[in-house]
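Trainee: Could you have a look at this structure, given as structure tokens, before my questions?
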Amino acid sequence: QLHSDLDKGVGSVKYTLSGDGAGTVFTIDETTGDIHAIRSLDREEKPFYTLRAQAVDVDTKKPLEPESEFIIKVQDINDNEPKFLDGPYVASVPEMSPVGAYVLQVKATDADDPTYGNSARVVYSILQGQPYFSIDPKTGVIRTALPNMDREVKEQYQVLIQAKDMGGQLGGLAGTTTVNITLTDVNDNPPRFPKSIFHLKVPETSHVGSAIGRIRAVDPDFGKNAEIEYNIVPGDGGNLFDITTDEYTQEGVIKLKKPLDFETKKAYTFKVEASNLHLDHRFHSVGPFKDTATVKINVLDMDEPPVFSKPMYTMEVYEDTPVGTIIGAVTAQDLDAGSSSVRYFMDWKNDVDSYFTIDATEGTIATNELLDRESTAQYNFSIIASKVSNPLLTSKVNVIINVLDVNEFPPEISVPYETSVCENAKPGQVIQTITAADKDLSPAGQRFSFKLSSEASNKPNFTVHDYRNNTAGIETRRNGYSRRQQELYFLTIVIEDSSYPVQSSTNTLTIRVCRCDSDGTIQSCNVEAIFLPVGLSTGALIAILLCIVILLVIVVLYVALRRQKKKDTLMTSKEDIRDNVIHYDDEGGGEEDTQAFDIGALRNPKVIEDNKIRRDIKPDTLRFTRHRPPAEDNTDIRDFINQRLQENDVDPSAPPYDSLATYAYEGNGSVAESLSSIDSLTTEADQDYDYLSDWGPRFKILADMFGEESYNPDKVT
């Protein structure tokens with residue numbers, strides 16, 4: 001209640017309230033000044049309120065006193081239970097932990113006022129989980145309550161924790177949470193084999209490195225504590241087998257280290273030891289963390305392929321060895337009890353295998369072709385051996401044949417050299433260092449020797465100095481050289497090798513004489529430099545050569561024209577009067593011009609042609625035909641012409657136009673008879689050429705030559 005000293009109780013004073021919760025949480029009686037709460041209060045929501053009050057005159061509305069401030073504090077009651085804000089909890093503790101081992105600390109929160117009474121005083125207790133775990137009632141720390149809890153017996157525990165306020169007294173509020181505790185594994189158990197002897201059966205054909213069996217030791221631990229390492233105890237058969245651990249199943253995988261042979265040994269016995277990889281020193285007193293078992297392996301007899309005596313064969317043969325020469329042999333045996341015969345054959349893969357053959361029974365390898373080391377220095381192929389009793393059982397072996405070199409190639413100068421010597425060179429000066437190369441496969445220590453040929457050694461120009469390291473130097477023997485006298489020198493050098501038989505070659509080294517300065521630097525080696533002292537330039541030399549060539553061409557043309565003019569003259573001797581074409585100084589139109597000369601008149605003067613228009617080209621103007629006296633009916637000529645005409649019509653290679661065809665057939669009863677002198681029975685003097693004048697103007701010149709005057713060679717033009 002608020003009250004002012006100026007309030008006389010007559011209703012002249014009015015009280016007002018402002019601040020936190022005024023009008024919403026708290027209200028004031030304006031006449032009496034009593035303050036009331038109009039709703040429930042929660043300390044956890046707001047522990048106190050700050051308000052302001054004032055007394056005002058009812059009539060004047062003026063304050064009678066200054067405004068005063070006061071605080072209303074909410075007193076706490078136990079209305080909130082403890083709560084585990086982080087629950088439920090998950091914890092772990094190693095198995096076999098001692099009593100009192102720390103597990104986890106839990107914490108409950110009470111919203112009540114811890115400064116007022118016991119409303120916020122919390123006490124912890126275990127409702128479920130005893131006797132394995134305990135909890136501190138004040139701190140909430142959970143610890144182990146039993147020793148040697150074994151994970152292999154029980155791994156998971158669920159503990160129910162209670163937190164109660166009011167110090168755990170009757171009437172206090174309580175809250176609970178769950179703690180899931182897991183026992184973690186420690187290596188407290190050694191591996192143990194479930195049985196003391198393991199029996200395995202292994203075929204003798206098992207491959208080296210293959211798994212032939214599995215054994216397993218049991219370890220109840222978990223994770224890395226259950227990892228097992230297997231080892232073979234040294235003893236019988238331990239060197240033939242190996243054992244590894246399967247990381248997923250922790251089984252011991254027995255593998256074969258060497259091949260098995262039933263005929264050699266039929267059974268093996270050895271011991272295997274299993275032990276943990278990660279040991280815990282706290283449990284060493286329990287005993288050794290390993291176990292031992294016996295493994296007995298029985299080898300099964302199998303039909304095996306033949307076995308070669310060597311894993312690989314290496315042979316050597318000289319090149320150019322005669323075909324059929326035996327260079328080596330391979331041997332394979334059947335080691336089974338039956339001991340079957342073996343057959344050999346080559347594993348054909350490419351054409352290289354055809355250079356050799358193998359005897360199917362004996363296994364001898366012989367050459368099938370001539371070998372050339374320079375072409376192929378080594379051959380690598382495979383030989384297959386199979387059992388006669390079971391051809392499907394085969395084995396393979398690699399054969400390497402090295403082709404040995406026969407010294408068949410002589411050494412030669414390795415590269416072409418451009419050697420030059422100065423005109424002012426001194427005797428003993430090295431102008432070139434040369435090396436040699438040999439196509440043969442040079443053995444270690446082979447040397448090449450250099451010397452001048454017998455012909456070159458007699459000349460006082462150059463010499464060869466053999467350095468005896470497969471190189472040689474070309475040295476001068478004269479004091480100066482002249483390009484005017486000799487520009488090029490050809491030095492013949494003989495190079496020999498040291499192999500057997502000795503091979504040698506003669507090489508020619510070209511040495512050019514050059515003009516050099518006093519230091520030996522080459523200034524010029526061309527032809528122009530040789531003639532410069534004479535005063536002739538390159539242009540002058542070219543002009544002289546060109547004039548000489550022109551004169552030679554003129555002379556050749558003149559001689560050719562003279563010979564052509566002699567050929568144009570008529571033949572004068574009587575042996576030359578044969579079927580020849582005689583020049584009449586009358587040019588024709590070419591071989592297509594059949595109008596210029598009627599060759600048919602030479603065959604038969606009575607042959608007439610009604611139309612002599614050229615048929616291979618289109619005529620420009622219409623020409624009139626010339627009529628001749630009708631010829632006598634000659635049946636055989638007509639039949640022959642018709643036959644040739646048909647042959648030309650069907651000939652695909654004939655020209656595509658109608659051209660004149662010469663049939664070289666005179667026919668019977670020709671008035672002109674033959675113009676050839678081959679068949680003439682009489683001599684030139686006995687013949688009468690008067691009939692040529694009857695053949696028309698075309699034969700006038702011929703008639704004048706042979707008809708009116710005697711034959712005179714000097715008059716033929």
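One-based numbering along the chain as shown.
Glycine is treated like the rest: Cβ placed from N, Cα and C.
Per TrEMBL, the features are:
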DOMAIN    4-84  domain 'Cadherin'
DOMAIN    85-193  domain 'Cadherin'
DOMAIN    194-308  domain 'Cadherin'
DOMAIN    309-413  domain 'Cadherin'
DOMAIN    413-531  domain 'Cadherin'
TRANSMEM  530-561  transmembrane segment
Trainee: Across the domain 'Cadherin' (413-531), what are the DSSP residue counts per state (helix, strand, coil)?
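Mentor: Counting residues per DSSP class in the domain 'Cadherin' (413-531), I get 8 helix, 53 strand, 58 coil.
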Trainee: Using DSSP, what is the helix/strand/coil residue split across the domain 'Cadherin' (85-193)?
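Mentor: Split by secondary structure, the domain 'Cadherin' (85-193) comes out as 3 helix, 45 strand, 61 coil.
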Trainee: With DSSP helix as H/G/I and strand as E/B, how many residues of the domain 'Cadherin' (4-84) fall in helix, strand and coil?
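Mentor: Per-class counts: 0 helix, 32 strand, 49 coil.
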